[in-house]
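Q: Before I ask anything, let me first share the structure, which is written out below as structure tokens.
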């Protein structure tokens, strides 16, 4: 029986891999035909530029996040290595000065590479938040301030305020984007520190005052918020995890360096592969001409959706992995790198395992406190309390990512997906479903087939929702249009592919990513904003 089940899994895996390659092949073939039949189109696409000489092809340069990340690492890697070398000396000679060095080093880093105007923007939030907590502000003040700052930040960046302030005519676009990215990450770190600081103060009674001086608190906050390797592109590491790096046993220099070199070589290879692929797939560049995208066949368009997901995954593996490798040199344990989107079939797993640091933040500071307050103050069912707490979480997600229409649609569809998962989980615990599982399904393998069948439409909705995030409303609407009247052949191919993906995802659910230290799912009694 086990042999049959293993063979079945290999069939699913083969079909899913074949479907991926075929859709990508269809995309490249259709894209080349469009460019060959419309020679002027290639010249009019502003995001196609001359590529590598040995490839002798045009290259898609439209991904701003990717070009910004490369600019960051290319200009700063020498400084980050120098910072680590000095940090290691301080750690072995006078550990108490290490936080001072982190602050000084980060300020020098910003001034040397970006200038004093970006430094003002970067320091603004920690100054505001530290002022609030030292004046006796509570969590309500922290969250109200964070909401006001998010609204101000989103409105100003869309009106090019930051661009004008930073004098963008005399600096590169990537440098402006780095400052914009930094502002978003800094807000999360400020919230993490302030909430932890307030929680610590509240643990002490009036008879036993909280014995941390203002100077020490400022030192703790600014060393965490301004830590250079994670300053611009993340990932978010919670304050409690940052503090652990000062108390854990220091690994041997050679051990840390060997792992760092291996990580850098691996991510450099990934970078080469991703840049090489941009010489052959122009799906992002074609989006500047929506008629060209609309002319793609259905399966080629599905290949474009798959392509966007794979690029999104790989660039975050590279960026989070590289900055995490620098943080690991300083005895920190950054969140695991994202799991591949091609092996995730439901919203809950996407949120739990793609951006683990953001997931930890949302769960610890929004979902769990919100759920606790609702449970203690309102006489509602556990199910309703979870949904309300999840709604508050997704409202913050919407505000943090940007208050624009495509982000709203993406956030809303994600919440609807979570709602459907909650409902499915609730139904699975009823007596009726237990009878159905025992009398009709009868085995775990049959239940997995049933779950994969039910999750296939949810996977399609999950994919389309992500297209709103990755490509905007016009492209997202185009993918939704595929649901109106698909041909029987396309419907069968896509449905079979989605079903196989669900089966593979279920089989690989407990297989971690390369750097997954399994902290999330192994914690006991942890409420999360997606179903367990």
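Cβ coordinates come from backbone N, Cα and C, glycine included.
The transmembrane segment annotation in TrEMBL covers 12-30, 102-128, 218-239, 260-283, 295-318, 383-401, 449-471, 487-508.
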Q: Who are the long-range neighbours of the transmembrane segment (12-30) in its own chain, taking Cβ under 8 Å and residues 6 or more past its ends?
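A: Sequence-distant neighbours of the transmembrane segment (12-30): 280-281, 283, 296-297, 299-304, 306-307, 342, 493, 496-497, 500-501, 503-504, 507.
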Q: At a C-beta cut-off of under 8 Å, are there same-chain residues at least 6 beyond the transmembrane segment (260-283) that contact it? List them, or none.
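A: Distant Cβ neighbours of the transmembrane segment (260-283) are 24, 27-28, 31, 35, 45, 48, 51-52, 55, 57-61, 63, 66, 70, 304, 307-308, 311, 314-315, 317-318, 321-322, 325-326, 328-329.
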Q: Using a Cβ distance cut-off of under 8 Å, indicate which of 102-128, 218-239, 295-318, 383-401 has the most pairs with the transmembrane segment (487-508).
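A: Selected stretch: 295-318, with the most Cβ pairs under 8 Å.
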Q: Short question: which residues 6 or more past the ends of the transmembrane segment (383-401) have a Cβ under 8 Å from it?
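A: Apart from its flanks, the transmembrane segment (383-401) reaches 147, 150-151, 154, 184, 187-188, 362, 366-368, 370-371, 374-375, 407-408, 410-412, 414-415, 418-419, 422, 426, 469, 527, 529-530.
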Q: State the residues, same chain only, that lie 6 or more residues beyond the ends of the transmembrane segment (218-239) and have a CB under 8 A from a CB inside it; answer 'none' if no residue qualifies.
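A: Apart from its flanks, the transmembrane segment (218-239) reaches 68-69, 72, 76, 79-80, 83, 99-100, 102-103, 105-107, 109-110, 122, 125-126, 129-130, 178, 181-182, 185-186, 188-190, 192-194, 196-197, 319-320, 323-324, 326-327, 330, 332, 334-335, 355-358, 360-361, 364.
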